[in-house]
Amino acid sequence: MLMLDWGILLIGLPLSGALLTFIFHAQSRWLGIGTALTINGSLAALLMQFFASTGTQRYPIGSWGAPLGIELYLDGLSITMLSMCSLVGLAVSCYAPAYFHMQSADNRASTATDSVPFNKRSGSGPVRQINKGEYFWPLWLLLWTGLNALFLSADIFNLYVTLELIGLSAVALTALAGSQEALTSAMRYLLISLLGSLCYLLGVALLYHAFATVDLTLLAERMTAVPATWASLGLMATGLALKTALFPLHFWLPAAHGSAAAPVSALLSALVVKASFYLLLRLWLTLFEAFNPGVPDLLGLMGAAAVIWGSLQALRQARLKLLVAYSTVAQLGYLFIAFPLAAGHAGAWYGALYLALSHALAKGAMFLAAGNIQLFAGHDQITALERVAQQLPVSLMAFALAGVSIIGLPPSGGFIGKWLLLEAAISQGHWGWAIIILAGGLLAAGYIFKVIGYAFNQATTPHAVQPVPAVMQWSALLLAIGSLLLGLFAAQPLALLAVGSPFHSISLP
Amino acid sequence: MSMQSWLPLLILAGPLTLGLIIFMLPENSVRTRTTLNLLAALIKLGMVGWMIWHVYRGQHFESRIVLMSDFDLAMQVGPLSVLFLGLSSVLWLATTIYAVGYLEGSPHRSRFFGFFSLCVAATAGVAMASNLFTFLLFYELLTLATYPLIVHRGTDIARRAGQTYLVYTIGGGTLLLAGTVWLYTLTGTLEFAPQGGFVRTLGQAHHADLTAIFMLLIVGLGVKAALVPLHSWLPQAMVAPAPVSALLHAVAVVKAGVFGIVRVLYDVFDIEFAAQELGVTTPLAIIAAVTILYGSLRALFQDDLKRRLAFSTVSQVSYITLGIALAGPLAAIGGLVHLVHQGLMKITLFFCAGNLAETLGIHKISEMKGVGQRMPFTMAAFTLAALGMIGMPPIAGFISKWYLGLGALQMEQNWVIWILIASTLLNAAYFLPIIYAVWFCDPPASWPVMRKPTHQETTWALLLPPVATALLSLTAGMLAALSFSPLEWALFIIHSQFWR
């Protein structure tokens, strides 16, 4: 019964944190960091209990059973995703206060020099700068609530609610940057996100109509091959692929991730897109795998196209943050390549999820480092990144180490994930997929080292630069180191993933 | 765990930790950094020496860490590993001393020495890896750790050289990865088996697969081993500082590639199986022979001293591949012993080239007239190493060529003799004119003023390493029959590991 408490705490803590930081906004910084720490603490407790009991857990909230009440469900897959959220969430929570503090200092400086104050229109006497940090906390903790709830939910309507919560808070966070570009892309992101949720909701309605339940386990027992099943599969897959930015539905992602504030970009790229991927995977594994009308091949092809297209676009970018954003498009493609491969080799799921996990850490680190570089140099033009290696070594190291994982070089989590995917592909003789997997790594090396190469350049004429606080540099570096450690300690996370055999396979890769 | 299982881990962790500590050191704490570097190099040398003694008496050192189920980070020190490990730790000490002198007063030394130590750790890992998975891991780590050294100067040329380096090495690494995964899906194991490889059991039906895997692995390794046509990155990487060139050419990078080829041929496929059942060794020998001639020919036409030396490396390193690919014990001895000999001689040459550039600003061969009078010790070391490269007895290079020739005759591959003769003539053609110009031409009216005037021809830190390595290559040749000489060790490897 104690397990239940930790699981519910993981939803309750960020929710109450969101409310508290909203009400007591002056103290939001400490409240927020405190919430992040307690969430990590309860996750650690949950993990310990989970290891002690080794089995899936199901908690009826308020002791109401499945058809009537809400049930939470926990297995290896969901607890891995929860851990991913906590790690990235903690790093971003440490990073964000300093980032927004610097930004508002920047704004104050620029409004002081400008002849016309930037927000004179508000007309409220002495200019009170909007401190974005105060808005960041409630929104981010709400997002965290949504993420944790999504990974713990076990019925498709509840999942819809969490999906919507995630989508709306993510959009608001994107708009927080406040620039013209950010507002436009946030607007587009909002429409896409709503469209995706709507598709998903339609699928839920169809399934509920046909099988009279929204509980995942009951649905899995009752589902038959009727038109409603096919239609809901199509709708839900489309909606979730849209939210996961699967090629060619990725068009909204680079602008949104590229223009948001650095900590927000890190959250969007590392966690938000993974949530919809997790949901698609969960639905696929519990409901739709038995009804297989060639969807895996289609998803795999789109994933392969994403790997190639996203990487090529990343290579072409002149701006650092856009490069990193396109890299996300490419790396998400890898997750979908697992669908066609997993039919004959369950190791592919482990590979894909390991990639998702290490990508979360690495991409989080990369966006944070990119934010540092942008603050340091005042711009993020890749060809003009001279002296970064000399003056911002910790951030560049974070970028490079995260890059190692993204490329999939050993020793890194990305390497283990790619190894497992490759093994699944080659052992079944699927050479086409194997070549895509390898080619994606080569292209990734191209765009990562393009940045690093320019960062080593000596400056011919010194520019004005701004120092970056140590906490911002180190939270990026620690995340990146985490993605490398995943490559050195792979046995434990893989064993964790396998608990409750979410992939219908008893064999570990 | 006992000492036996700790030592390989210590040898790996030592330079790794050192690298991390050095990154943290402030730029101007020169003395702490130098002390730490030298101390670590000496301790490692001591540990390796201790291991050599025990390996000689038949002991093995093994460390194993579970990474995933079925995949271990496994390191084992046997006779073959010790050969590479010993070479790299001796040369690490020499290069560290040299680098301290070379980089005196230049910026970003903490970064340089940090990555330098990481390179050494990766090289030790490559030498000790006892399965293909671990090998791959350290092989890629080596790529990553050398990149910042190549672009160290931060110029546009350096950036482009770094780019070329990465295109080649990461491309090669990808092929190596593909081959490794493919092999694993067939065999279910990647543990090196010095007594006959681990692919023999697969049977006739898989021979086509195995040939393809062999090609993938060799092309992947051939990039670092600078086999033609995968060699172009090496001459371009010359823009890096001289200690880095030494690292690339003698201590770590090209050696890791060649060492990988040795591992694949002996411990993965088994040389007899590869030669007789798959028939892949003769094509490899031909590629190596082409590389030897091509590298020497290109070296002939370079006026830039470091570029000439780089093409010479392309050629000389392939002696090792050739010796192994001839698939006979005598040729293999020639190849293995050249792993050490080439390292000693080539590092001397690069140290000398660095001395010329640092002390007198000489980069081109045409500027070297009469420099022997100005820098007699440096140029004496250069001459010794160059003569060794040509194969003049009693310097080390002669021993390598002698055994290669004997091995070719033993395997009845007489064409190899012609390759050796042609290559020796070419070596003479590109080294002797330099030696002539250095000693017998008239020097220019005046030499440029040194950066830091001393009583000697250059600073001690720059002068001692090349003289020491030159003497070592002379000793390795003259005392080749003593136990623990490289030659005796190569014989020991062949006796204990490969030909039963």
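Any Cβ shown, glycine's included, is placed from N, Cα and C.
Here is what TrEMBL says about this protein:
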DOMAIN    A:153-439  domain 'NADH:quinone oxidoreductase/Mrp antiporter transmembrane'
TRANSMEM  A:31-52  transmembrane segment
TRANSMEM  A:72-100  transmembrane segment
TRANSMEM  A:135-153  transmembrane segment
TRANSMEM  A:159-177  transmembrane segment
TRANSMEM  A:231-253  transmembrane segment
TRANSMEM  A:265-285  transmembrane segment
TRANSMEM  A:297-315  transmembrane segment
TRANSMEM  A:322-342  transmembrane segment
TRANSMEM  A:348-371  transmembrane segment
TRANSMEM  A:392-411  transmembrane segment
TRANSMEM  A:431-456  transmembrane segment
TRANSMEM  A:477-499  transmembrane segment
For the transmembrane segment (A:348-371): best-contacting stretch of A:159-177, A:231-253, A:392-411, A:431-456, A:477-499, by Cβ pairs under 8 Å: A:477-499
Intrachain residues whose Cβ lies under 8 Å of the transmembrane segment (A:297-315), provided they are six or more past its termini: 237, 241, 246-248, 250, 254, 323-324, 326-341, 432-433, 436-437, 439-440, 443-444, 446-447, 450
Cβ-based contact of the transmembrane segment (A:431-456) with the transmembrane segment (A:31-52), 3 or more pairs under 8 Å: no
Contact yes or no, the transmembrane segment (A:265-285) and the transmembrane segment (A:72-100), 3+ Cβ pairs under 8 Å, gap 6+: yes
Non-local residues, at least 6 beyond the ends, that sit with Cβ under 8 Å of the transmembrane segment (A:322-342): 244-247, 250, 253-255, 257-258, 265, 269, 273, 277, 284, 295-297, 299-300, 302-311, 313-314, 348-349, 351-352, 355-356, 359, 363, 366-367, 370, 382, 406, 417-418, 421, 424-425, 428, 430, 433, 436-437, 440, 443-444, 447-448, 450-451, 503
The transmembrane segment (A:72-100) in contact with the transmembrane segment (A:159-177), cutoff 8 A, at least 3 CB pairs, sep 6+: no
Other parts of the chain folded back onto the transmembrane segment (A:392-411), taken as Cβ under 8 Å at six or more residues beyond its ends: 327, 331, 358-359, 361-363, 365-366, 368-370, 372-373, 376, 417-418, 441, 444-445, 448-449, 451-452, 455, 468, 470, 472-474, 476-477, 479-481, 483-484, 486-488
